[in-house]
Amino acid sequence: MKRIAVFASGGGTDFQSVIDANEREHFCEISILIASKHDIGAIERAQKHGIPSAVYAKAEWPDLEELYSDLKKRLNELKVDYIVLAGWLKIIPESFIRAFEDRIINIHPSLIPSFCGGGFYGLKVHRAVLEYGAKISGCTVHFVNEVPDGGAIIAQRAVDVEEDDTPESLQARILEVEHMLLPYCVKKLCEGKIKKDGRKVSVAD
């Protein structure tokens, strides 16, 4: 069974969706939660389900490369196969991405390549969608490369934008879809059913 590490920076609802799906279908071992700060909801969720957690807060490390070097060592000791970014709001150094090439996936709350990249996270994404007047938004699961939100796309799901939407209401509806799409992609990845050829990604049934 493949082992995954989940990275989170907030409440951990995407993380919870993976936990719940895995408890039903048993497609992976969640070896550890990596949190970017203390006292976040994701840590409480990990504790509730008996999943080990570790905090890697930038403020507690003199150098970002040292932080990720230590994190890489920890994940290798745990024999982690894949890393799932589930609301991870920190920049990851290229050296770390290269060390886990094609083994890191992320979920982003828009239809990439729209409303993504530097500065687009959380409610900022949904506010930008509404200000632009877009009629459709959604979420994307993609491989992680050195470009923020720039890796090959694994799967996307669309969500209609309603005329009376606020950033909060749009976020809530997209989160519901995220909570289905992310576990689906993690399951397929752990089952070896995702194949990547450059920017083209296929997902087998």
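Each Cβ is built from the backbone N, Cα and C atoms, and glycine gets one as well.
Summarising the annotation, TrEMBL assigns active site, proton donor to His108. In the three-state DSSP classification, His108 (active site, proton donor) falls within a strand.
Feature annotation from TrEMBL assigns (6R)-10-formyltetrahydrofolate binding site to Lys58, Leu89, Lys90, Ile91, Ile92, Asn106. In the structure as shown, the Cβ atom of Leu89 ((6R)-10-formyltetrahydrofolate binding site) sits within 10 Å of 13 other Cβ atoms.
Annotated domain 'Formyl transferase N-terminal' per TrEMBL: 2-184, in sequence order.
Taken from TrEMBL, the feature site 'Raises pKa of active site His' applies to Asp149. If you take the C-beta of Asp149 (site 'Raises pKa of active site His') and look for same-chain residues 6 or more apart in sequence within under 8 angstroms, you find Asn106, His108, Ile112, Pro113, Cys116, Gly117, Phe120, Thr140, His142. In the three-state DSSP assignment, the secondary structure recorded for Asp149 (site 'Raises pKa of active site His') is coil.
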Site of maximum Cβ density within 10 Å, from recorded positions Lys58, Lys90, His108: His108
Extent of the (6R)-10-formyltetrahydrofolate binding site in Å [max Cα distance among Lys58, Leu89, Lys90, Ile91, Ile92, Asn106]: 20
For the binding-site residues Ile91, Ile92, the one whose C-beta sees the most other C-beta atoms within 10 angstroms: Ile92
